[in-house]
């Protein structure tokens, strides 16, 4: 059994389990605030999303080889490097966006109370933006090593 078959079967079982448990919780009056439902949702997402990512990583070289007419050689080092560069940039930007949202709203509230601290609050917002730049620098370093 190859890896793709295992991932496909596991994903199908997770989807069927999610649907059947949703039907069970619906007919037995489970509220969305119950602990059992939240635990199952966390468990389901923590297994389902990595399986989908693994399926994409395993299937991507074959799809690219079919599109370009090349030989399917499996997972290459350059392909994993490109995935690493994309993940470092993407996750850094998501983190920076969240940080700017939290810090920016707090800074706005602080400046509305005391306008003299505008410069200090801009420093914190700039530090949050720096996270995205660091992710971009890491991805450029990864591209340089490929």
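For all residues, glycine too, the Cβ spot is worked out from N, Cα and C.
Feature annotations, reproduced from TrEMBL:
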| type | residues | note |
| --- | --- | --- |
| TRANSMEM | 6-27 | transmembrane segment |
| TRANSMEM | 48-68 | transmembrane segment |
| TRANSMEM | 80-110 | transmembrane segment |
| DOMAIN | 83-142 | domain 'V-ATPase proteolipid subunit C-like' |
| TRANSMEM | 122-143 | transmembrane segment |
Below 8 angstroms Cβ to Cβ, which residues of this chain, lying six or more residues outside the transmembrane segment (6-27), approach it?
37, 40, 44, 47-48, 51-52, 54-55, 58
What average pLDDT does the predicted model assign to the domain 'V-ATPase proteolipid subunit C-like' (83-142)?
91
